[in-house]
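Visitor: Supplied in structure tokens, the structure appears directly below.
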């Protein structure tokens, strides 16, 4: 029997909705694979499951960190694997769009346990992505072949690990795939339709109180909190400081979310193990259930 069912794909493709319905049908639980939903108080802007949804189906790996804490991929992997090994439910649903979180589980990535050094990161980031990627090519050409030149997050992390340990990150990584069966399901739709979904979700977040959430978080933790510089929060923060109008903030959020979704699609499409389904199919739940039940 399949131990773990992964539901992945770009943002706004309906992963959470499908997972909720699937979990209720299968009597399962949900493990989040979202790098921002792990943080408490960041709710609306991360599209975190509502309290009603959490009551309907048990959710794990959300609200497990304070906003000023750091959750590394290694931290996530350790907690997720512990849950997978201990929860007396099968199958479990691993749901989200954070590719590294999912890869750390399905491929059993061996991850360097190197804590982030924010002072070093600030110094490295100030060099600019082009210069930083050039450094990566020099100190770790193997990692540079795997990291896109326009991926500042992974570039920065790889260079940071080298500067801290003196050992290339590629030499510290490896894989130890789990011995339990995994089924990977991906949701996707045409880019035009995905853009419509992103528009609708952005409007809904504003209606649900995103502006108030950002204002509260800025007052409580300070506007320079790194999480407040992430997608959906940074744009509203610009509105609150008077830099742009609310309409412009919404337009920027849609634009940046669309760009992010394209990167996610590229990431997940590179995995041949993922079976893809049309997110807009009217019988999506039934089709996915049939796929799961196939021998």
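Residue numbers in this text run from 1 along the chain shown.
Here the Cβ of each residue, glycine as well, is placed from N, Cα and C on the backbone.
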Visitor: What range among 34-37, 38-41, 42-45 does Swiss-Prot describe as region 'Interaction with substrate tRNA'?
Guide: 34-37
Visitor: DSSP on residue 14 (ATP binding site), three-state: which is it?
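Guide: For residue 14 (ATP binding site) - judged by DSSP and reduced to three states - the answer is coil.
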Visitor: Could you state the CA-to-CA distance between residue 11 (ATP binding site) and residue 98 (site 'Interaction with substrate tRNA') to the nearest Å?
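Guide: If we compare the Cα positions of residue 11 (ATP binding site) and residue 98 (site 'Interaction with substrate tRNA'), the gap is 9 Å.
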Visitor: At a 10 A cut-off on CB-CB distances, which of the recorded positions 11, 13, 16, 98 has the highest count?
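Guide: Max Cβ neighbours within 10 Å, all protein chains included: 13.
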Visitor: Neighbourhood of the substrate site (11, 12, 13, 14, 15, 16): other residues with Cβ within 8 Å of the Cβ centroid, in order?
Guide: 9, 10, 17, 47, 97, 187, 197, 279
